[in-house]
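Student: Mind having a look at this structure? Questions to follow.
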Amino acid sequence: MRKPIIVGNWKMNKTMKETKEFMEAVDAAAASENATYGIGAPYTALSTAVAGAKNLIVAAENCHFEDTGAFTGEVSVPMLQEIGVTHCIIGHSERRTMFGDTDETVNKKAKRLIEAGITPILCIGETEAQYDAGDSEKVIRDQLTGSLADMCPKCVGNMVIAYEPIWAIGTGKSASVEIAENCCRIVRDQVRVMYGDDAAENVRVQYGGSVKPNNIQEYMAQPDIDGALIGGASLKADSFIEIIEKTK
Ligand code: PEP
């Protein structure tokens, strides 16, 4: 039985002060035996988030795959480990399109995080043009082939994979429940092809793309959707609490 996991992605939002206020408002609501709730915060807010998290899990939004070196502006996995984050989002489409992340670098990040005991939340998903061309399945399978290359089946089974169609991120144009379920099923099938049944049955697959309090339940009711990665609706304490309450 896979435990659902719902994670907010704050992107480049929230100061330390705002983070403290959010944790004070939301953390108690996140106490649940049945599901895991968390937030992805910018680097500068991570320590504050960890300090305020009794129930929420805290994720970084990126990492570098090298431990040290001449990589100005980057943050390594040991640095995140020291802060106490347990999860890290990697390969978000904004990082792939604006900051040069590729399946190859995302694969290196995933491996380094797993070695450190931090759970990667690997993001994949097609562009609107790829969707319109009917290429969603091919894009999903290709991204997973690269991003999950040469890993151990158990490691992949312990990961979280977020299927996020780029055309649904921050647009208010969420994927239909049928599309989301079908693509999350393809994600699981590709894990099965690469790493076998156990990995496929254990890996948790999230849908992401304009998830809100008013549509979260329909996604969560699908057999291959084990959670959500949520941008805009995770920023306000009220709406994130509403999402938590609706999925407990
Ligand atoms: C995201 O940032 O990963 C995301 C899904 O954003 P939103 O929920 O705002 O579409």
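One-based numbering along the chain as shown.
Positions of Cβ are set from backbone N, Cα and C atoms, glycine also.
Worth saying up front: this structure is predicted, and the values here are computed from it rather than measured.
Reproduced below are the annotations present in TrEMBL:
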{"type": "BINDING", "residues": "N9, W10, K11, G170, S210, G231, G232", "note": "substrate binding site"}
{"type": "ACT_SITE", "residues": "H92", "note": "active site, electrophile"}
{"type": "ACT_SITE", "residues": "E164", "note": "active site, proton acceptor"}
Student: Specify the secondary structure state of N9 (substrate binding site) as given by DSSP, simplified to three classes.
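Tutor: It is in a strand.
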Student: For N9, S210, listed as binding-site residues, tell me which one has the smallest number of other Cβ atoms within 10 Å.
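Tutor: Selected from the binding-site residues N9, S210 on minimum Cβ neighbours within 10 Å: S210.
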Student: Write down the Cα-Cα distance for the residue listed as 'active site, electrophile' and W10 (substrate binding site), rounded and given in Å.
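Tutor: Here the two Cα atoms are 12 Å apart.
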Student: What is the interatomic distance between the Cα atoms of K11 (substrate binding site) and E164 (active site, proton acceptor), given in whole Å?
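Tutor: So the Cα of E164 (active site, proton acceptor) lies 15 Å away from that of K11 (substrate binding site).
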Student: Neighbour count first, Cβ atoms within 10 Å, every protein chain included; then name which of K11, H92 tops the list of recorded positions.
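Tutor: The largest 10 Å Cβ neighbour count belongs to H92.
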Student: At a 10 Å cut-off from the C-beta of G231 (substrate binding site), count the other C-beta atoms across all protein chains.
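Tutor: Looking across every protein chain shown, the total is 21.
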Student: Using other CB atoms within 10 angstroms as the count, which residue among the binding-site residues G170, G232 scores least?
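Tutor: Ranked by other Cβ atoms within 10 Å, the binding-site residues G170, G232 bottom out at G170.
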Student: When a 10 Å sphere is centred on the Cβ of the residue listed as 'active site, proton acceptor', how many other Cβ atoms does it contain?
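Tutor: Within a 10 Å radius of the Cβ of the residue listed as 'active site, proton acceptor' lie 29 other Cβ atoms.
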Student: Would you mind sorting out which of N9, G231, G232 (the binding-site residues) have a C-alpha within 10 A of the one on E164 (active site, proton acceptor)?
Tutor: none
